[in-house]
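Below is one structure, written out as structure tokens; the observations come after it.
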Amino acid sequence: MEKVVHVPEVVLNSGYKMPLLGMGTAACPMPIDDLTSILVDAMETGYRHFDTAALYGSEEAVGRAVAEAIERGITKSRQQVFITSKLWCTDAHPQLVLPALKNTLGKLGLDCVDLYLIHWPISMKPGPVDILKFKKEDVVPFDMKGVWQAMEECCKLGLAKSIGVSNFSCTKLSHLLQIATIRPAVNQVEINVAWQQRKVLEYCKEKGIHVSAYSPLGASWNSPIINDIATTKQKSIPQVALRWIYEQGASVIVKSFNKERMKQNLEIFDWELSTEDNFKIQDIPQKKGYNGEDFTHPNGPYKSVNDIWDGEI
């Protein structure tokens, strides 16, 4: 049995603990036939936090992987695995939230998720929508209060231990906090060395909302600063980029289906960046997200959503 890396945890404002490094399951194309075994490999390596969504098409594979890992003794029980899923925009309507979560739980084969997020602060017309070809007419007003009340009901019913949001700006979080009875535990947003999101990090820290980072590598491959730090510290470029996010107090959602890179992504907790390293990283030019044309990117479709979103992360 390989040595399993222990991933530090954060206590969310809901009182539940969440591992600070998770395995993302968004991919294009999705390796449907192999995904379950890939995720079991990840659990053998030490991953205990898995991030999925209704949109990704990976919920069933995540559920099968959890069941197999328990059966094989890789993890002792369901309670040792943290599962995040997300409400897609076509279900972001008050009356559709609970049915959407029940559908997610059915695919996962679980009684509850550990964290359920509103994927975007956007609603689309209910029903199937081609994420690459949808029109502006498919977007309808987002009933933040009604949708969040339905999310709170999911929490009260015990179907989601914690609830939160994704891709919410400080302004939208402020609006949500004015109406929320249960505060969002997490805001999952894009963060990387080339899009550092300092305003969001500071605001969420002030409000007791944990920030989770997706697309954590961003443009780090092309950064001479990150490359130099990696060379000096004898670390990989991804390790430096992930360590920087971890040192900002955020959790990280990584995605590599290569077992060796899975291991490398876990090896960020027993060393530190220097003050000088951090100053250098602060000077990296900032540019938001994807170019809007690269739909081969695992999160590429969201650029289309972002094009019609009226807020800035």
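A Cβ is built for glycine as well, from the same backbone N, Cα and C atoms used for every other residue.
Model, not experiment: these values are computed from the prediction.
What TrEMBL records for 22-283 is domain 'NADP-dependent oxidoreductase'.
If you draw a 10 Å sphere around the CB of TYR56 (active site, proton donor), it holds 23 other CB atoms from the protein chains shown. What TrEMBL lists as active site, proton donor is TYR56.
Within the same chain, residues at least 6 positions away in sequence whose Cβ sits under 8 Å from that of LYS86 (site 'Lowers pKa of active site Tyr') are THR52, ALA53, ALA54, LEU55, TYR116, LEU117, ILE118, HIS119, SER166. The feature site 'Lowers pKa of active site Tyr' is assigned by TrEMBL to LYS86.
HIS119 (substrate binding site) has a Cβ environment of 22 other Cβ atoms inside 10 Å. Residues annotated as substrate binding site in TrEMBL: HIS119.
Confidence for the domain 'NADP-dependent oxidoreductase' (22-283), expressed as mean pLDDT, is 95.
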